[in-house]
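Feature annotation from TrEMBL assigns S-adenosyl-L-methionine binding site to Thr118, Asp172, Asp200, Ala201.
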Amino acid sequence: MAAPLCALASRTQRSARAELAQRLAGSLTPSLARGQAGVGRRWCGDAARQKSTHFGFQTVPEGEKAARVYKVFESVAGRYDLMNDAMSLGIHRLWKDALLRVMNPQPGLRLLDAAGGTGDISFRFMAYTRSVHEQKLRRRARSNQTPSWQDITASYSSEGAGPPQSRAVVCDINKEMLKVGKGRAEEAGITTGVSWVVGDAEELPFDEDQFDVYTIAFGIRNVTHVEQALQEAFRVLKPGGRFLCLEFSQVSTPLLSKLYDAYSFQVIPVLGEVIAGDWKSYQYLVESIRRFPNQETFKGMIEEAGFARVQYINLTGGICAIHSAFKL
């Protein structure tokens with residue numbers, strides 16, 4: 001009976017993901033299609049037992065969570081960036097800037113921006129690497145105030161060649177979020193260096209050892225199996241590559257915790273209703289933060305996935321944290 005039961009569970013899992021697969025139809029790249037073909041291999045035994053998971057404070061079958069999360073972000077995509085500013089009073093921009101300072105990327109690196117949504121991290125990555133290159137040129141010019149004609153010729157040659165090409169891949173399961181991100185890129189005149197791929201953080205449509213840096217900002221708490229997403233991050237990073245996660249976490253002081261809870265549950269859903277016309281989605285987002293592991297627990301999960309030198313930095317009293325690790 002074990003084999004028929006496992007097959008039935010696999011069919012049940014595929015059925016539960018059918019709505020999500022239909023939404024992605026027509027947008028899958030060939031590589032993603034290959035990745036989706038492997039979905040059935042996930043935890044067949046778990047599916048046979050009909051495991052449940054959390055969706056905010058609700059308990060739902062594991063197979064339903066991805067489609068529910070998809071609907072949340074499909075609903076809020078058009079006002080997502082505006083709501084980020086409103087909910088955090090603009091502080092999310094400082095947190096993302098802090099992530100780039102910790103990363104300190106150099107020109108020529110390849111970034112995977114998982115659950116990258118509207119492209120905030122990728123845009124910052126491209127701007128940062130460009131700034132690093134420009135700073136190097138300025139320092140070179142200052143250190144060579146009376147250059148020889150050979151130095152001048154060499155500098156013209158190097159400037160004409162341009163900096164090493166940095167590249168960012170924004171990968172998100174939600175087409176609507178990517179559509180907003182592409183629009184932002186066009187408005188900003190970003191025409192090269194950033195690509196957009198529909199893909200699941202738990203089943204990334206990329207080969208092994210492809211990226212120098214993997215980031216996931218405010219996205220990992222929304223996946224069904226956090227452990228699987230971490231394993232996928234490890235798989236696609238090159239040896240020596242860096243994992244960086246920016247995510248809401250556990251507040252470190254009791255007074256701030258009480259104020260934060262009051263603001264989260266009494267203000268943020270109201271803002272969601274007023275600005276985005278969607279109370280329920282922002283109620284879920286607030287609840288999902290409370291269900292995510294604390295800093296130390298998440299650090300242990302990253303280590304279990306195979307990463308080394310795992311550290312974290314608290315931001316704004318622990319409201320969010322940056323976890324950093326390396327594939328060694």
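Here, residue 1 is simply the first one shown, and the rest follow in order.
Placed from the backbone N, Cα and C atoms, the Cβ positions cover glycine too.
Because the structure is a prediction, the values reported are computed rather than measured.
Its own atom aside, the Cβ of Thr118 (S-adenosyl-L-methionine binding site) has 23 Cβ atoms within 10 angstroms in the protein chains shown. Within the same chain, the residues at least 6 positions away from Ala201 (S-adenosyl-L-methionine binding site) whose Cβ sits under 8 Å from its Cβ are Ala114, Ala115, Cys171, Ile173, Ile216, Gly219, Ile220, Val223, Ala229, Glu232, Ala233, listed in sequence order.
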